[in-house]
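Just below is one structure, and these are the notes that go with it.
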Amino acid sequence: MHARVRHETLAPVWPVQAILDLFALPFNDLLLRAQTVHRAHHPANAVQQSSLLSIKTGACPEDCAYCPQSSRYHTEVEPAPLMPLEQVLAAARKARDAGAQRFCMGAAWRSPTERQLDQVIEHVQAVKSLGLETCVTLGMLKDGQAERLKAAGLDYYNHNLDTAPEHYGEIIRTRTFQDRLDTLRRVRDAGLKVCCGGIVGMGESREIRAGLIAALASLDPYPESVPVNQLVKAPGTPLADAPDLDPIEFVRTIAVTRIVMPRAVVRLSAGRESMHDSTQALCFMAGANSIFHGERLLTTPNPQAQADARLFERLGLVPMPDDTVSATLETHAAASPA
Ligand code: SAM
Ligand code: DTB
Ligand code: SF4
């Protein structure tokens, strides 16, 4: 018997065992079910495209075992202070012209100060004025900060649960799972849309992957956007030599995420650079309908725009129409096990 996820602000909707039962389905049955759920809630062949920019890089005081931006590990990342507005705007224009619908700005902070937030707010307003959706990921927020971002016109806040509650302390020691939930509550209460997912391929068990999905589904309401990151093994981090995750298990993780959070936009996030085209194709079949577009994630490579364009052409995938993106994101209740 597996414990249900119980947390102060988590209402368990999917028992971990029900999620494990999905994982255990024959692959073809799982994919058919995921594809059926996908088609009931989303255009079948449309993929949302976000672009990502690191606006403050490295020198982060946190100890996340997967992250090349932590100051605790010797990695290849060159720290850089907060990027000036003009440089951010130039990157946003380039992303928009290349077809991005949303521009996500990431900062390697534990949590922003009010002064840092003032500067990010200017970035958000400027990017928004280009007609792009905006997303930022700045670490933990204090009371009132999410409201300030909302007032500036921010659309999404990205804040990942990253792994199952029972595994969290093995990956990150400088903050708790409850800290993550507290920020997510502030983001939700401020009326921002929530982008929240996790990382797989950190050497975790299937039960941990199921626990992560259960925790995400227990957020009330569950996130509008769920990034599923495959660990990018960064030299110098404690997880640099983590064992490879079987691609079929990765596809299963996408399929289960799709079934459990039917209306969420599921992002095939970090890890595409080392992923075979056929694995990516299976992920789209399993219900992934968003990617990061552009040659860089935050500090690590992402597939070249041309390679993505070719893959989309081979698969008959098209950009998600803007009105579909907004329609998908209305508040929704979580799905429940059949
Ligand atoms: N510092 C903020 C925070 O941690 O919330 C925002 C930036 S942080 C880099 C954003 C997310 O990037 C993390 O939550 C994690 O999911 C993802 N990430 C970081 N390093 C990664 C890696 N090596 N592979 C895959 N995902 C990674
Ligand atoms: C998310 O879930 N993945 C993105 C975004 N949100 C900020 C970050 C991926 C980072 C991969 C490692 C790097 O490039 O530094
Ligand atoms: Fe810092 Fe975020 Fe990286 Fe953790 S994931 S070390 S908080 S930048």
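Using N, Cα and C of the backbone, Cβ positions are placed for all residues, glycine too.
Predicted automatically and left uncurated, TrEMBL annotations should be read as such.
Quantities reported herein were computed from a predicted structural model and do not represent experimental measurements.
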Candidate from Cys195, Cys196 that TrEMBL assigns to the same [2Fe-2S] cluster site as Cys104, Cys135, Arg267: Cys195
Chain-mates of Cys60, Cys64, Cys67 with C-beta within 8 Å of site centroid, [4Fe-4S] cluster: Glu62, Asp63, Tyr66, Pro68, Gln69, Ser70, Ala108
Check: same-chain CB within 8 A of [2Fe-2S] cluster site center, minus Cys104, Cys135, Cys195, Arg267: Ser50, Leu52, Arg102, Thr137, Tyr156, Asn158, Ser225, Pro227
Distance-selected binding-site residues near ligand 3 (C-beta under 6 Å), from Cys104, Cys135, Cys195, Arg267: none
PLDDT averaged over the residues of the domain 'Radical SAM core' (45-272): 96
Greatest C-beta neighbour count within 10 angstroms, which of the binding-site residues Cys64, Cys67: Cys67
Long-range Cβ environment of Cys195 ([2Fe-2S] cluster binding site), under 8 Å and at least 6 residues apart: Cys104, Cys135, Thr137, Tyr156, Tyr157, Asn158, His159, Pro223, Glu224, Ser225, Val226, Pro227
Cα-Cα distance linking Arg267 ([2Fe-2S] cluster binding site) and Cys60 ([4Fe-4S] cluster binding site), given in Å to the nearest integer: 25
